[in-house]
Amino acid sequence: MLCWNEVQSCFLLAFLAVAAYSVSDAQGQVSPPTRLRYNVVNPDSVQISWKAPKGQFSGYKLLVTPSSGGKTNQLILQNTATKAIIQGLIPDQNYALQIIAFSDDKESKPAQGQFRIKDIERRKETSKSKVKDPEKTNASKPTPEGNLFTCKTPAIADIVILVDGSWSIGRFNFRLVRLFLENLVSAFNVGSEKTRVGLAQYSGDPRIEWHLNAYGTKDAVLDAVRNLPYKGGNTLTGLALTYILENSFKPEAGARPGVSKIGILITDGKSQDDVIPPAKNLRDAGIELFAIGVKNADINELKEIASEPDSTHVYNVADFNFMNSIVEGLTRTVCSRVEEQEKEIKGTIAASLGAPTDLVTSDITARGFRVSWTHSPGKVEKYRVVYYPTRGGQPEEVVVDGSSSTAVLKNLMSLTEYQIAVFAIYSNAASEGLRGTETTLALPMASDLKLYDVSHSSMRAKWNGVAGATGYMILYAPLTEGLAADEKEIKIGEASTELELDGLLPNTEYTVTVYAMFGEEASDPLTGQETTLPLSPPSNLKFSDVGHNSAKLTWDPASKNVKGYRIMYVKTDGTETNEVEVGPVSTHTLKSLTALTEYTVAIFSLYDEGQSEPLTGSFTTRKVPPPQHLEVDEASTDSFRVSWKPTSSDIAFYRLAWIPLDGGESEEVVLSGDADSYVIEGLLPNTEYEVSLLAVFDDETESEVVAVLGATIVGTTAIPTTVTTTTTTTATTPKPTIAVFRTGVRNLVIDDETTSSLRVVWDISDHNAQQFRVTYLTAKGDRAEEAIMVPGRQNTLLLQPLLPDTEYKVTITPIYADGEGVSVSAPGKTLPLSAPRNLRVSDEWYNRLRISWDAPPSPTMGYRIVYKSINVPGPALETFVGDDINTILILNLFSGTEYSVKVFASYSTGFSDALTGVAKTLYLGVTNLDTYQVRMTSLCAQWQLHRHATAYRVVIESLVDGKKQEVNLGGGVPRHCFFELMPGTEYKISVHAQLQEIEGPAVSIMETTLPFPTQPPTSPSTTLPPPTIPPAKEVCKAAKADLVFLVDGSWSIGDDNFNKIISFLYSTVGALDKIGPDGTQVAIIQFSDDPRTEFKLNAYKTKETLLEAIQQIAYKGGNTKTGKAIKHAREVLFTGEAGMRKGIPKVLVVITDGRSQDDVNKVSREMQLDGFSFFAIGVADADYSELVNIGSKPSERHVFFVDDFDAFTKIEDELITFVCETASATCPLVFKDGDKLAGFKMMEMFGLVEKEFSAIDGVSMEPGTFNVYPCYRLHKDALVSQPTKYLHPEGLPSDYTITFLFRILPDTPQEPFALWEILNEQYEPLVGVILDNGGKTLTFFNYDYKGDFQTVTFEGPEIRKIFYGSFHKLHVVISKTTAKIIIDCKEAGEKTINAAGNISSDGIEVLGRMVRSRGPRDNSAPLQLQMFDIVCATSWANRDKCCELPGLRDEENCPALPHACSCSEANKGPLGPPGPPGGPGVRGAKGHRGDPGPKGPDGPRGEIGVPGPQGPPGPQGPSGLSIQGLPGPPGEKGEKGDLGFPGLQGVPGASGSPGRDGAQGQRGLPGKDGPTGPQGPPGPVGIPGAPGVPGITGSQGPQGDVGAPGAPGPKGERGERGDLQSQAMVRAVARQVCEQLIQGHMARYNSILNQIPSQSVSTRTIAGPPGEPGRPGAPGPQGEQGSPGMQGFPGNPGQPGRPGERGLPGEKGDRGNPGVGTQGPRGPPGSTGPPGESRTGSPGPPGSPGPRGPAGHTGPPGSQGPAGPPGYCDPSSCAGYGMGGGYGEPTDQDIPVVQLPHNSYQIYDPEDLYDGEQQPYVVHGSYPLPSPYSQSSYPSPHLAQPEFTPVREEMEAVELRSPGISRFRRKIAKRSIKTLEHKRENAKEPSQ
């Protein structure tokens, strides 16, 4: 027996130790004692007994505390004790008892209870009469003894309990508060129609835990009490009292009129705000208040709060353990007050508490309605109208005076049902509500929509407005299916009801929708449809002045918007096609035509939007004219002169012949084409001769023969003769005289118009005219007529100078010797002084910009450019350039300045109107200029660096005496300090950013140095109270990270400043919410010479203990070794032993005041690359550049700098925000393309990386795009998967972008499969991307936030192209509202979705799974996957580039290709790749891969072997003509091409000259087949051609030495056997590659090597899917389609030449646009020409399987070697291209050579084709500039079209091998989630 006096010294001094007792981490691991009993042994002693717990423990701790607040007494007992006697007790005193079992550092939960000696004796006496044992108590359920009171009154009440949840209570005591609340609620009859209980918790901000109407049963309320969470924060009781008045005692919260209102406050301290007014407001509202104070509560404050009398309404206890002692008294008081209040309410108010009646609604509109009612009986003070939407929403209310019986409800939502309740408010109560519903009307919509003034690119919309509308929203989009981007939206104000819609597509039907807007709400739509006009073609084509080599075309103009015309004219026989573009004229003369030839002409109108349909017609040129006026004169006895008049300027030569009439030999002479006479000598005297003459023209056509008779004479008189033009040689009788006729001129033409001149041309009909008089007069007659005389042999005249843009009448009159002939007149008009067009600004820089324009249609003499600064005063400057220049680089401009630019066209008669525009240079200036460390004689300035600045000039100037200091700094220096300043002086600090020789404008700031110090007054010292636990910030509520602080503890800090760092850490960590494994874990390292771990990540699991540990950190001292500390954090703290967790953010915060004495860059950079986030805080003398190197990017979020340790408060909030945002991210940080992004590298997570893929069944590594990126082939049923909890343990974010780079294979099934999806544990899909190879659609699916399954499917031409066998880059952009698809960096569609819900992490994620699969026995589709990432942002798709795709790679903006090879090296190639693993040997234990052996020498060329089985196809060749496969679907409209004529007479159109970038054009003129054209140089990558002839294989090199037997290594990456290919074909392909490398087109042609889908080993392949029709390629010689051969390897392509004459048409291709016009007028159909170049080769025979090679010897065991280098240039790369290497090619000596069959599978990318136009001139802008630069220092533009020499020579055979796998085992396994979590280390090796 123990005496109380003996054990009294063992007890502790204060019961507060019990209240503050913190259960250890191990609590609960030791079982507690049970069956606690009491027995009185004498009047002051009690025996305590209990049942020992199970398990091992060391002893007991017994605690006894008097309820009156005395000492807590403690007793330690052995583990064998089960009884103890406590003496010296007071009989009528209550005692609290706790018994705890403990073992080492672990303690059990306490068995606890309360007792009083008198109560024990009373129960003992009672039990004797009832034969019961009242001493038994349940220690596990500490219900207060004797609290058996239950309120049984029928009266009901609304009780709201307000609980203090501030930090001062603590989590342990809050459990006691819950127990008190549970006992309190249990005393009342709780129910929805009985007493209702609500509860609010408060600290710094109150919150409703549940309303009065939240729970309908007592059990539900008690369950809510037991789960009440602890809030934490400050103590603002007044705010909380106001809060419950406004929120808890409301009808919508469950408060009932006519029911007692009770408020019970529980608090443990004095309020930090005023409580008197809020408490009075509650009491005035009829709410009876009870106040319960615990521990440190202010009794006076409690009395101010509670209702009277204080004796029954105020309770105060010394500790939380004694709260249950007041439950009975409190519940009895509340119960009696409820009964009394009910009597008062019923007795005094019941008669007057009638509710209003007869609820009526009226004046209903879309935004409100009126509510009316009949008055309530009695004296009503107010009426309260409560209303809210039936579908849910925040209730609102309107209060009106008691005399009113109506209220208007405003600002409601349209077409919404509202619940209405009207309450009568009396002086101390409210009536029941009068309830009803009403629905608002729909918003009024616009009406009478009219669409008019329709053109090809615009229309106007007009509608009737709506009263009350705040504006209108107009949506318009093409009616045809298109992209979401095609829809346009315009918002206008309420005053406008008419709008012009421009920028429309021609000949397109548009849907126009008008919404009336009422704020953010929109009315129902008003919709109309209208079709834009087609682009107007010209009309009324006429042909005139048709000669043998020219014809004049005339047509009526198309419209005022036409930019010009394109004229195509072709010979009907299809042998020649020509094309010319002219300006906006209506006439043009075709020249250099062929005589007697029919021509077909098509004229297209050219617009900015494209070209119109053609206007067509035809004409036939005339026969060539014979010479005219053949005469013989100047006859003598042996000669005479023959003269004639030429009839054309294109005569090549003449044949002149003569023969005597009486017989003799004929003689002939050939004369030049410019001859017009000849003297024939050596004739017989007095003899008549027949003289004949014919003209031979340039095109080798001959004219008719013209003949004349001439004779020699005896005398001296010349005999003139007349001329007879016949086809035979005839003569007329000579006449002695010449007849002269007064005829006018013929064919008067006025052409070559300029702004100041006209050319007049005519044919002379009579050579007897001596002169011609040319007169011209303006058509208006406002100028005097002028005349010019010209000789009779002249037939052309240039009239100048004339007025511009003026019509003239020109008249020609022949003048004869005896008078005038007949006059002929014609009109002509000079051109206007047209201004330049389309002013463009580009190449903006800090001191220059480029101006470009389009030339006007009128020929100019040059251009005058005038430019002037808009804001900076100064004169206007000007410059002149020639007429062949249309771009100019303006230099020496001011930075960041707007300039007005004017361009004038210069003509001989003056200048045109100005083409004006505004341009602005880039701003070269710093930002965020600020000052710091301002002292009496010094100050510092800092700024944000300019990204292009190379230096800074910083000037400080005194505003008092003007003294200056100036310094020049480097481009990376963001701050500078000035010294030797004057105290108390204002200074101006200016910073000029400099870029080379350019200096930007000054950025300035004013600052005043500190004045001389004065003696500050002394003040008494104060002692700061200990810091309280800070509340968690809202931004940190979701934070979950491993956070490590690295604190500088070097000597430079000092004790005082180190304490400030500790305070800063205390505040920063205090802002976090949950601490421990389920929240944020915190560790701290203090560093100087050596780092010291203050505590690890897993050291503390509560904020209280963590903050206490921070305060205990002691100052270290030493030097500054920051790099060593960072490395220590990585090696010691970021480990599993220290508590690091996977898949959550890892954050380091470095705090330092100086420069590190070791290297910090390397280790911080390495950790950042691994996903760690760094924050760097520099103080005072810290090195800013070092902080930037430590901190993550962007530095604005991760680097902080303060002047001193007192300035931490300036950055605290911002740092906490950024750290918590980083810690709250669902996604880890990864590095991608040099950017630090939040996301997931899914290829790594699935093991699809070079070091891991070999462990995955059914996966092989192959070369991807450019033959340098690795990609992975997922073979059939590979079913690559991983558990979701390893990949996305926190699920997916709400916004993210999925990125794939993949290729569909020929053996990919035609049924749907999931490219990637997440399944739950029942294998049900949750989210994923589905491709339907048969339907050519893409579908995204997930579950939305409501749990509904949702899918969006995309289709169309952009979607279909991903199924045609090329690599494509796919972005699936998912946001809370939309799903967007981007293919090859081009948007393909966007659709609306709901926000996603949560996903289960208990399932798996799978690649390629077939949709029809069910359960664990799944099937998967084969495909090639090169890239798979998920980036946690929707903006990534806009930032990402298609650098991995050959056709879209931009070398200037893309990183260099990995291991890109060059053809400029010597013929000898680099060291070969590592050798492959050997054949199967003796199976042994699992070993490592051996070291690669050296490359053996090349063996001699071998003989052609027996054809073997077909290998996988090799890399893709450039797009050529493929073997025709199955018919494809109708093609989409192509890019701009040449529109063809239908009919038999059509001919191929020629390529156009370089044109401007325009809209998509029409197809050119098809024509007849011509002769085979020469092969052109290589063109762009196109459709694969046919394979070449297989070459012969080389013999195997000598076998290496056999290594010692060893265990086989892990499964290697051996690929399938390669393919042998024709060396001639290979070399041709390689030469294309090399030449294009030289030409800068490496990106486009590297795809030759990679885009061939590999197939499993087979001797036969099936035809691939039909190819997608692409855009027309660059015009080149098009060859005829070859006959289909066997399917096989796509061979080397045809080599299209540079744009030139159009080649012959090929076989029928993809369906194009319909031709235009009607049947051609004339001409028989042409015959088909022979096939052109680039045709498919003949098929090779299928090979038979070769013999199996012998098994290799087992190699010696070795460590795993590094992966082999990527592909390299073959030694003959510049004459052929070796495609092997890099991935372990099989080198077995007995591998047979196989002959590849043809493959009809098309693999081409439509994006790789040219747009159907010649490439524009290349300049430094983004638009074509067909003119040279005006500055000599810049290169002239050149035509960027590839020119290659065809490869024709024979070359040696080269063996090609495609890396891949030659076998794999199809895996059929029941995959469970559990087995997927472990490595398949013992996977069976696949059979050979």
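Quick reminder: no glycine exception, Cβ is built from N, Cα and C everywhere.
Swiss-Prot annotations:
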- 116-138: compositional bias 'Basic and acidic residues' (COMPBIAS)
- 1583-1593: compositional bias 'Low complexity' (COMPBIAS)
- 1677-1692: compositional bias 'Low complexity' (COMPBIAS)
- 1699-1711: compositional bias 'Basic and acidic residues' (COMPBIAS)
- 1822-1837: compositional bias 'Low complexity' (COMPBIAS)
- 32-123: domain 'Fibronectin type-III 1' (DOMAIN)
- 158-330: domain 'VWFA 1' (DOMAIN)
- 355-444: domain 'Fibronectin type-III 2' (DOMAIN)
- 445-536: domain 'Fibronectin type-III 3' (DOMAIN)
- 537-627: domain 'Fibronectin type-III 4' (DOMAIN)
- 628-716: domain 'Fibronectin type-III 5' (DOMAIN)
- 744-833: domain 'Fibronectin type-III 6' (DOMAIN)
- 835-925: domain 'Fibronectin type-III 7' (DOMAIN)
- 926-1017: domain 'Fibronectin type-III 8' (DOMAIN)
- 1042-1215: domain 'VWFA 2' (DOMAIN)
- 1468-1520: domain 'Collagen-like 1' (DOMAIN)
- 1580-1618: domain 'Collagen-like 3' (DOMAIN)
- Asn138: N-linked glycosylation site (CARBOHYD)
- Asn1398: N-linked glycosylation site (CARBOHYD)
- 110-147: region 'Disordered' (REGION)
- 1469-1620: region 'Triple-helical region 1 (COL2)' (REGION)
- 1472-1620: region 'Disordered' (REGION)
- 1654-1767: region 'Disordered' (REGION)
- 1664-1786: region 'Triple-helical region 2 (COL1)' (REGION)
- 1817-1841: region 'Disordered' (REGION)
- 1-28: signal peptide (SIGNAL)
Average pLDDT across the region 'Triple-helical region 2 (COL1)' (1664-1786), rounded to a whole number: 44
Where Asn1398 (N-linked glycosylation site) falls in three-state DSSP terms: coil
DSSP helix/strand/coil residue counts for the domain 'Fibronectin type-III 1' (32-123): 7 helix, 50 strand, 35 coil
For the domain 'Fibronectin type-III 7' (835-925), residues assigned helix / strand / coil by DSSP: 0 helix, 48 strand, 43 coil
Summary of DSSP states over the domain 'Fibronectin type-III 4' (537-627), given as helix, strand and coil counts: 0 helix, 48 strand, 43 coil
The domain 'Fibronectin type-III 6' (744-833), counted residue by residue under DSSP: helix, strand, coil: 0 helix, 48 strand, 42 coil
Residue distribution over DSSP helix, strand and coil in the domain 'Fibronectin type-III 8' (926-1017): 0 helix, 52 strand, 40 coil
Number of helical, extended and coil residues in the domain 'Fibronectin type-III 5' (628-716), per DSSP: 0 helix, 51 strand, 38 coil
Helix, strand and coil counts within the domain 'Fibronectin type-III 3' (445-536) (DSSP): 3 helix, 48 strand, 41 coil
